[in-house]
Amino acid sequence: MWIGVISLFPEMFRAITDYGVTGRAVKNGLLSVQCWSPRDFTYDRHRTVDDRPYGGGPGMLMMVQPLREAIHAAKAAAGEGAKVIYLSPQGRKLDQQGVCELATNQKMILVCGRYEGVDERVIKTEIDEEWSIGDYVLSGGELPAMTLIDSVSRFIPGVLGHQASAEEDSFVDGLLDCPHYTRPEVLEGMEVPPVLLSGNHAEIRRWRLKQSLGRTWLRRPELLESLALTDEQMVLLAEFQREHKP
């Protein structure tokens, strides 16, 4: 997967390219992240990248000319078929379904806003989709872009040591993940659930599904409203609810 990034702070993306799962993906040639800074497309000695908004008001907007030229440079490097995404509070909210959709793209260009945002005409002429990571305000689009890169890269074959890790993550099937345990077997008097030590894979699968359903019911009940539960899932959820009556 190839991802181009338009950002005034390209050095921030070393967190993606140099560390963790994504860093290994870059090292192994499974993921490529290339950055362009609008500041490199300025022609004044101050390398100006912001401009005043028409109509007045507080704050500045990203200057149109450097931003457009940076996007055009990224498009030229990407070639045909690259989807251009603007990280914006006005965009579609990113969830696991959206991550799965975005992961089908082999090329993406992520545009990170700063200041009060981007000229609407740039969005209309250069941007294919807008995406948001939540209903809150950040200083820029870099952290949302890194969130998007990290989440979609997990679906690139070979990135995770065990591909089932991505398939069993929270939200993949619309449910929260089940609890997990490792050594020691007893920690401050709290024991690992015996079923996980039993070696009975059918019972372990059943326990994990039951806990996943129950945790979703307790913490994010609205997620269950959009799911068509199987007969087995309904039975397991009912069991969990009986066991956890207030």
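The backbone N, Cα and C atoms fix where each Cβ goes, and this holds for glycine too.
Feature annotations, reproduced from Swiss-Prot:
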type	residues	note
BINDING	Gly113, Ile133, Gly134, Asp135, Tyr136, Val137, Leu138	S-adenosyl-L-methionine binding site
Fill in: Site diameter for S-adenosyl-L-methionine, Å, by largest Cα distance between Gly113, Ile133, Gly134, Asp135, Tyr136, Val137, Leu138
16
Worksheet, complete the sentence: Quick note, Tyr136 (S-adenosyl-L-methionine binding site): same-chain residues at least 6 apart with CB under 8 Å of its CB -> Pro89
Response to the item:
The most crowded of the binding-site residues Ile133, Val137, Leu138, judged by neighbouring Cβ atoms within 10 Å of its own Cβ, is Ile133
Worksheet item: Do any residues at least six apart in sequence from Asp135 (S-adenosyl-L-methionine binding site), in the same chain, have a Cβ closer than 8 Å to its Cβ, and if so which, in order?
Response: Pro89, Lys93
Discussion item. According to DSSP, does Gly113 (S-adenosyl-L-methionine binding site) sit in a helix, a strand, or coil?
Written reply: coil
